[in-house]
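Undergrad: One structure is given below, represented as structure tokens, and several questions about it will come after.
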Amino acid sequence: MADLKKLSKVSSLAGSVEVPGDKSISHRAVMFGAIADGKTEISNFLMGADCLSTVSCFRKMGVAIDIQEGLVTVEGKGLDGLEEPSEILDVGNSGTTTRLMMGILAGTDFHSCIIGDESIAKRPMSRVTNPLKLMGATIDGRENGQYTPLAIRGNNLNGINYESPVASAQVKSAILLAGLRTNQEETIVTEPHKSRDHTERMLRAFGVKVKEDERSASVIGGQNLKATNIFVPGDISSAAFFLVAGAIVPNSEILLRNVGINPTRTGILDVLKMMGASIEIIPQENQSFEPIADILIKSSSLKGTTISGDLIPKLIDEIPVIALLATQAEGDTIIKDASELKVKETNRIDTVVGELTKIGANIKATDDGMVITGKSNLLGNATVSSHGDHRIGMMLAIASCITEQPINLQDATAIDVSYPNFFDHLSVLSK
Ligand SMILES: O=C(O)C1=C[C@@H](OP(=O)(O)O)[C@@H](O)[C@H](O)C1
Ligand SMILES: C=C(OP(=O)(O)O)C(=O)O
């Protein structure tokens, strides 16, 4: 079968890698650069399929974007400078591109259409279209505006004070970006739990005033963005795979260099500590508005824990690999308040439970998460699939490092979405 990868146990993992640039920050750097005045240079940009979808969409709106060996240069067109695209904007597999771009498109003076892949077509968009409509946007989509394909007719927008039912940085960011297009009105977004704050930090780097408190962020409309240079730190969501690998593969020691440790993203570090992992965080000096560290992880004996509430948005994309971590701990791990997992690239409760069960894990789905009984002997000897979901693919590849028998991984190319050189790094570390 095409795209089937045979993966086998390793005796240990050792050495150091620098994971690629952060996906959330790379998307935002291109988008904000495109609507800024002047030239933005982005270094350590993630050349993953999702961020390249963002580049392609903004090129279709007349933005010159040059890519040379990890350095991306964006010739900003200003808040009013995007051009009506003559083609459909294809977001591929990227929810972040879809939702943040809607916030930008809602306040333009033109018409645009968004389409994505099969997975995007299942992901809920009304969480963004509803608040944008309250701001005066005209957006339509399949099933009454809920799903792609979407059509957006740019309009004048008004500010809102919006209480979001979900903790989602994509929702928050879309509303704040639309808020920049109002006529000096205030736009406030409040969330049930604070989500990642890359938009707030980066807008400030582009000279925009953003107010923030514990669960809210707000902007006043009409502020122009001034181009700036952005260094993208390593993606902690990519580092998470090797953090877990280092903890569960016997006799391992891995140093991950230049990883972004924004506190709204470091739930995986909290969980590793709660479970008793041997982990050292070594902060690194840098000029960025995002903190960076080297992280050293060693094989550890682990104990089960409970992961819920405020912690969930800080590790939402890491839950598949945390489930694998939990299979090797003493006792049960309970993950709850995580029903957002159902609306990611796949239903990640079902795909994690289904695929880990195939290789011998003791794991049960719940309504809003999962329960994993630890100290499982992962037998392997199965054909598993990423289901087209990059994070499921990487989690299964890390699982194969400890399965007794090899596994066959279907659809491993999905991993290119966020970590194109994942298997190179895995082989560099494998002993
Ligand atoms: O804003 C972002 O860059 C992201 C926010 C999260 O999604 P939600 O906002 O839907 O929680 C996360 O899962 C996604 O990978 C990236
Ligand atoms: C959910 C993810 O991304 P997006 O929402 O951008 O598709 C992810 O990367 O795990």
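Using N, Cα and C of the backbone, Cβ positions are placed for all residues, glycine too.
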Undergrad: Suppose a student reads TrEMBL and sees Lys23, Ser24, Arg28, Ser168, Gln170, Lys344 listed for 3-phosphoshikimate. Which of Asp140, Asp310, Asp317 should they find annotated at that same site?
TA: Asp317
Undergrad: Consider each pair of residues in Lys23, Gly95, Arg123, Gln170, Arg348, Arg391, all listed by the record as binding phosphoenolpyruvate, and report the largest Cα separation in Å as a whole number.
TA: 19
Undergrad: Restricting to the chain of Arg28 (3-phosphoshikimate binding site) and a gap of 6 or more, list residues whose Cβ falls under 8 Å of its Cβ, or answer none.
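TA: Those within reach of Arg28 (3-phosphoshikimate binding site), by Cβ under 8 Å and sequence separation of 6 or more, are Leu100, Ser173, His198, Thr199, Met202.
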Undergrad: Listed binding-site residues are Arg28, Arg123, Arg391; which sit with C-beta under 6 angstroms of ligand 1?
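TA: Once distances to ligand 1 are taken from each Cβ, none falls under 6 Å.
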Undergrad: For the recorded positions Arg28, Ser168, Asp317, which sit with their CB under 6 angstroms from an atom of ligand 2?
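TA: List returned for ligand 2: Asp317.
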Undergrad: For the binding-site residues listed here (Lys23, Arg391), tell me which residue's CB has the most neighbouring CB atoms inside 10 Å.
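TA: Checking each of Lys23, Arg391, the winner is Arg391.
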Undergrad: Of the binding-site residues Gln170, Arg348, Arg391, which one sits closest to Ser24 (3-phosphoshikimate binding site) when you measure Cα to Cα?
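TA: Going through Gln170, Arg348, Arg391 one by one, the Cα closest to that of Ser24 (3-phosphoshikimate binding site) is Gln170.
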Undergrad: Once the DSSP letters are reduced so that anything not helix or strand counts as coil, what is Arg28 (3-phosphoshikimate binding site)?
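TA: Reduced to three states, the DSSP call for Arg28 (3-phosphoshikimate binding site) is helix.
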